[in-house]
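K.L.:
Right, I'll just put the structure down here and ask away after.
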Amino acid sequence: MDLFSAGLLGIVQGLTEFLPISSSAHLVIVQKLLPNFSQPGILFDVALHGGTLLAVLIYYRRIVWELLTFKNPHLMWILIIGTIPAGLAGYFLNDLFESMFASLFWVGITLMISGVMNWFVDSRQDIGHRAQGTGWLQALTIGIFQAIAIIPGISRSSATIFSGTMLGIDKKQAADFSFLLSIPAILGAVVLQLTKHGAAVSDPAPYVVGFILSGIVGYFSIGWLLSLLAQNKYKYFAVYCLVVGALVSSLEIL
């Protein structure tokens, strides 16, 4: 794979991992559009996710430090509970869903589902419930929605922020919890893939480029999403997902 393709996919991963528009859907779409594109393999996907993992760790470094030093045991507890469903789904069902929803038609359908969830988030009024007060049942529910997002085209951010706001958590707090919940989810996926496939590569340059760009773009994407959420502009993501999803599914049929 050439460096241009690696860089482009790194940028796409960084943008779409945290924005509620589905990174899996956009990576599939971009790979289909790139001329003479050859699949780089699982390890390149690991490198891209490693970059976005580093991005969220740096962005939330203060909270991460609190968790590592056991200064916020309640948040640690609910993050563990919220991670369990995705961990089980990723281990047992990931390959099944990857094969079931591999076509662009189904990616478009699931992308539109993400759009519907985004629309509901934008229409939801905050009622003052903060994520720090989230109970174990709410964390488990959000975790189940995160597990559903292993289906290609279902945005992890869409699913978790949607479920959080439907449970009465403030949009900003739901987004923060969603991003913190992504840490063990991404880390678990990276470890699982490295365990299965190892870390040996013939040419590390594309992996390094993808890792760096996904990390840099991912860091700024988090701040951008939180800003748009505060300005009640989340509906733009809803419209985008609905339009792109419908277009992708239609083109696959024609």
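The backbone N, Cα and C atoms fix where each Cβ goes, and this holds for glycine too.
This is the feature table in TrEMBL:
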type	residues	note
TRANSMEM	42-63	transmembrane segment
TRANSMEM	75-93	transmembrane segment
TRANSMEM	99-121	transmembrane segment
TRANSMEM	133-154	transmembrane segment
TRANSMEM	207-230	transmembrane segment
TRANSMEM	236-253	transmembrane segment
K.L.:
Quickly jot the same-chain residues contacting the transmembrane segment (207-230) by Cβ under 8 Å, restricted to those at least six beyond its ends, or write none.
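P.N.:
The answer is 3, 6-7, 9-11, 13-15, 17-20, 43-44, 47-52, 54-56, 58-59, 157, 171-172, 175-176, 179, 201, 236-237.
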K.L.:
So which residues does the transmembrane segment (133-154) touch in its own chain, when a touch means Cβ under 8 Å and the partner is 6 or more beyond its ends?
P.N.:
22, 24-25, 28, 77-79, 81-86, 88-90, 93-94, 97-98, 101-102, 106-111, 113-114, 160, 162-164, 167, 169, 177-178, 181, 185, 245
K.L.:
When you scan the chain for residues with a C-beta under 8 Å from the transmembrane segment (42-63), skipping those not six or more beyond its ends, what do you find?
P.N.:
1, 6, 9-10, 13-14, 17-18, 72, 75, 176, 179-180, 182-183, 186-187, 189-190, 193-194, 196-197, 199, 201, 206-208, 210-219, 221-223
K.L.:
In the same chain, who gets a Cβ under 8 Å from the transmembrane segment (75-93) while lying at least 6 residues past its ends?
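P.N.:
Residues 63, 66-67, 131-132, 134-136, 138-140, 142-144, 146-150, 177, 180-181, 183-185, 188-189, 192.
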